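Student: In case it's useful when we look at the structure, here is the feature table from Swiss-Prot:
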type	residues	note
DOMAIN	27-65	domain 'CHCH'
MOTIF	30-41	motif 'Cx10C motif'
DISULFID	30-57	disulfide bond
MOD_RES	37	phosphoserine
DISULFID	41-47	disulfide bond
MOTIF	47-57	motif 'Cx9C motif'
């Protein structure tokens, strides 16, 4: 479930997904229990669904066809 709410100031394109991805990584067992960096945990496969959604959102910013349809994500 997204933790991003509409009353927060907009942090640019895909800001909500970026914030949720960071929160997911910081709350993961990899960071909390094992003490690894969020970057290492992201490479190991934690929060894959948010990582993919963030990638698709960023890609849709550059895609000319998606400019008319709107950005994917929130």
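Heads up, the Cβ atoms here are built off N, Cα and C, so glycines get one too.
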Student: Any idea what the Cα distance is from residue 57 (disulfide bond) over to residue 47 (disulfide bond), rounded to a whole Å?
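Tutor: With distance taken Cα to Cα, residue 47 (disulfide bond) is 16 Å from residue 57 (disulfide bond).
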Student: I'd like the Cβ neighbour count for residue 41 (disulfide bond), meaning other Cβ atoms within 10 Å of its Cβ, all protein chains included.
Tutor: 20
Student: Quick one: Cα separation, residue 47 (disulfide bond) versus residue 30 (disulfide bond), in Å?
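Tutor: For residue 47 (disulfide bond) versus residue 30 (disulfide bond), the Cα atoms are 11 Å apart.
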Student: Look up residue 47 (disulfide bond) in the DSSP assignment and report helix, strand or coil.
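Tutor: In the DSSP reduction, residue 47 (disulfide bond) maps to coil.
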Student: In terms of DSSP three-state secondary structure, what is the assignment for residue 57 (disulfide bond)?
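Tutor: In three-state terms, residue 57 (disulfide bond) counts as helix.
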Student: Could you state the whole-number distance in Å separating the C-alpha atoms of residue 41 (disulfide bond) and residue 30 (disulfide bond)?
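Tutor: Per the Cα atoms, residue 41 (disulfide bond) and residue 30 (disulfide bond) stand 6 Å apart.
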Student: Tell me, how many other CB atoms lie within 10 A of the CB of residue 47 (disulfide bond), whichever protein chain they belong to?
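Tutor: A count of 22.
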Student: Could you count the residues of the motif 'Cx10C motif' (30-41) that DSSP puts in helix, in strand and in coil?
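Tutor: Looking at the motif 'Cx10C motif' (30-41) with DSSP, the answer is 7 helix, 0 strand, 5 coil.
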Student: Roughly how many angstrom lie between the C-alpha atoms of residue 37 (phosphoserine) and residue 30 (disulfide bond)?
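Tutor: So the Cα of residue 30 (disulfide bond) lies 8 Å away from that of residue 37 (phosphoserine).
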Student: Which number gives the other C-beta atoms within 10 angstroms of the C-beta of residue 37 (phosphoserine), all protein chains shown included?
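Tutor: For residue 37 (phosphoserine), the count of other Cβ atoms within 10 Å is 11.
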